[in-house]
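K.L.:
For reference, Swiss-Prot lists these features for the protein:
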type    : residues                              : note
BINDING : 23, 24, 25, 26, 27, 73, 149, 204, 321 : substrate binding site
SITE    : 73                                    : site 'Transition state stabilizer'
C-alpha cells in the first residue's frame, strides 16, 4: 500500500505532500454519472457495496491520488435511527418528519438498532479497501451537522429551526447531540474494523455558530467522539468545519490529528493560529478549477511553495470543500500534475 497519506500524520517531515480531493468520487466524472443512472435513488446506490467500490475507484483510475474515501453520505446515521430520508432533485436531502420535540426524539431507534442498520456502509468500506493500494478514509458528519438536517428537515440558508432549538430548548438539543455522538463512535470504529485507515468528521454547518456555542454544541461532541475512538484504536482523525477559521485556536489542543482548512484563510494564517503538531488539509477554493490551465498552475505553485517552506509540519493537499459537479475533469488533472511537478 502507498502510505504517503498516512505518513503525513507521522513526526517526520515529508519530501512531498499527499493529495486527495473531497468528493473526488462524484458528479463531475462521467463514469460516476453512468453508475448513478443505474439506480432509482441515491441511497439505493449507497447500499450497493460493489457500486460504492466502483465509484470510489474512478478517481484513482484517472488521477495520481494518495487516498480514497468511502462512497457514502453523512445522513446514513439519521436514516438508520428511523428518520425517513429522501433525496429530491433540486432540493437535496429531505426528512419528512423533522425533530421538533422530546416526543420526536423518543421515537428514534436505539443505538443498538441504529448501528445494526448500517452494515451496508461497513460492507462498502470492506469491499473498497480490498480493491485499492492507497489508504481508505472513513467519515461521518458531526453531531451538530447531522442535527441540523434532522431538526430543519433539509438544508437551509439560516437554519432558524435548528438555532431556535439551541436557544429555546438547549436540553433537548444536547440530548440529541449526545445520542448522535454515542452512535458515531461505534459507527467510526466499525468503519475502521472494516478497513478504513483514518476517519474524517465533517462539520458542514459548524461555521454558522458563535464561538461559545460552537464550543458547547459542536466541538464538545467532536472531541468526545475523537477521544473515545482513540481509546479503542489510535488512527488519524481529521476535523473539518466549513467556515470554521474563527475556531482554530479552540481546535489546536483537541484530540484530532489534522484540521481541514477552507479557502477563507491562507495555509500560513491557519498554521500560525493552530500552531505546530497538527496536519493541515486544504485549502484550494473549489472554484479555482474553473480557471485557465496557467492560473491553476500558478495557484498550486504558491501553495506548494509555502508547504515546502514549513520545515516542521506536514500538509495534505486538497480543496477547501467538495469539488463542484460541473468542474472539467481535465482541470483536476492539471491541478494534480502541478502538485506533483512543484513538489518534486
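The backbone N, Cα and C atoms fix where each Cβ goes, glycine too.
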K.L.:
May I ask for the distance between residue 321 (substrate binding site) and residue 73 (site 'Transition state stabilizer'), taken between their Cα atoms and rounded to an integer number of Å?
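P.N.:
Rounded to a whole number, the Cα-Cα distance is 15 Å.
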K.L.:
So if I draw a 10 Å sphere around the Cβ of residue 25 (substrate binding site), how many other Cβ atoms end up inside it?
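P.N.:
Its Cβ has 25 other Cβ atoms within 10 Å.
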K.L.:
Given that the record lists 23, 24, 25, 26, 27, 73, 149, 204, 321 as binding substrate, what is the largest C-alpha to C-alpha distance among them, in Å?
P.N.:
23
K.L.:
In whole Å, note down how far the CA of residue 23 (substrate binding site) lies from the CA of residue 73 (site 'Transition state stabilizer').
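P.N.:
Their Cα atoms are separated by 10 Å.
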K.L.:
Which residues of the same chain, at least 6 positions away in sequence, have a Cβ lying under 8 Å from the Cβ of residue 23 (substrate binding site)?
P.N.:
322, 323
K.L.:
Of 27, 321, the binding-site residues given in the record, which has the fewest other CB atoms within 10 A of its CB?
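P.N.:
It is 27 that, of the binding-site residues 27, 321, has the fewest other Cβ atoms within 10 Å.
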K.L.:
DSSP three-state call for residue 73 (site 'Transition state stabilizer'): helix, strand or coil?
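P.N.:
The three-state answer is coil.
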K.L.:
Which state, by DSSP, holds residue 149 (substrate binding site): helix, strand or coil?
P.N.:
helix
K.L.:
What number of additional C-beta atoms lies within 10 angstroms of the C-beta atom of residue 73 (site 'Transition state stabilizer')?
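P.N.:
Taking all protein chains shown, residue 73 (site 'Transition state stabilizer') has 17 Cβ neighbours within 10 Å.
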K.L.:
Name the residues of the same chain, 6+ apart in sequence, whose Cβ is under 8 Å from the Cβ of residue 149 (substrate binding site)?
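P.N.:
In sequence order, the residues whose Cβ lies under 8 Å from that of residue 149 (substrate binding site) (at least 6 apart) are 75, 78, 93, 95, 155.
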K.L.:
In terms of DSSP three-state secondary structure, what is the assignment for residue 321 (substrate binding site)?
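P.N.:
Its secondary structure by DSSP: coil.
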